[in-house]
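Noted in Swiss-Prot for the protein shown:
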BINDING   L5, E70  chlorophyll a 3 binding site
BINDING   I6  chlorophyll b 2 binding site
BINDING   S10, E26  chlorophyll b 3 binding site
TRANSMEM  11-28  transmembrane segment
BINDING   Q18, R29  chlorophyll b 4 binding site
BINDING   Q18, F119  chlorophyll b 5 binding site
BINDING   K69, Q87  chlorophyll a 5 binding site
BINDING   N73  chlorophyll a 4 binding site
TRANSMEM  76-92  transmembrane segment
BINDING   H102  chlorophyll a 6 binding site
Amino acid sequence: VVQALIHAKSLLAILATQVLLMGAVEGYRAGNTAPGQFGEDLDRLYPGGPFDPLGLADDPDTFPELKVKEIKNGRLAMSGMLGFYAQAIVTGEGPVENWLYHLQDPSAHNGLTALVTQFAPTPVALL
């Protein structure tokens with residue numbers, strides 16, 4: 001199972017590990033709130049402590065705005081990772097190798113030229 005996780009060969013192993021780890025973390029977080037206090041006021045486990053060295057979450061007025069910003073930045077990061085995964089699947093190389101290949105000749109090695117040259121329609125014989 002560990003080899004499948006390291007080399008990302010088993011999607012089911014990765015999914016099961018993700019569900020177990022996130023379930024444990026969220027269970028711990030939900031279990032550390034007083035009964036009837038879940039979702040009220042500021043959650044003492046999120047965000048803060050060592051993850052908030054500037055004390056940005058101390059103000060209850062800006063806390064909801066910071067939560068929305070965190071969600072949006074997380075979605076943006078996931079979209080970027082999806083691009084990395086798609087690029088790795090198509091080219092068989094990682095993002096650094098693809099970037100270095102692009103830097104060799106940016107006008108010839110880019111997404112548009114790859115799209116035009118690799119997916120050009122081929123002539124079809126009409127019956």
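For all residues, glycine too, the Cβ spot is worked out from N, Cα and C.
Feature map: annotations from Swiss-Prot on the structure.
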residue	record	Cβ within 10 Å
S10	chlorophyll b 3 binding site	14
Q18	chlorophyll b 4 binding site	11
E26	chlorophyll b 3 binding site	10
R29	chlorophyll b 4 binding site	14
K69	chlorophyll a 5 binding site	11
E70	chlorophyll a 3 binding site	12
N73	chlorophyll a 4 binding site	10
Q87	chlorophyll a 5 binding site	17
H102	chlorophyll a 6 binding site	14
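In the three-state DSSP reading, Q18 (chlorophyll b 4 binding site) counts as helix.
Ranking the binding-site residues S10, Q18, E26, H102 by Cα distance from K69 (chlorophyll a 5 binding site) puts E26 first. In this structure, the CA atom of E26 (chlorophyll b 3 binding site) is 17 Å away from the CA atom of E70 (chlorophyll a 3 binding site). The Cα atom of R29 (chlorophyll b 4 binding site) lies nearest to that of E70, taking the binding-site residues S10, E70, N73, Q87, H102 as the candidates.
Here the candidates are the binding-site residues Q18, E70, N73, H102. The one whose C-alpha lies nearest to that of Q87 (chlorophyll a 5 binding site) is H102. Q18 (chlorophyll b 4 binding site) sits 12 Å from S10 (chlorophyll b 3 binding site), taking the Cα positions as reference.
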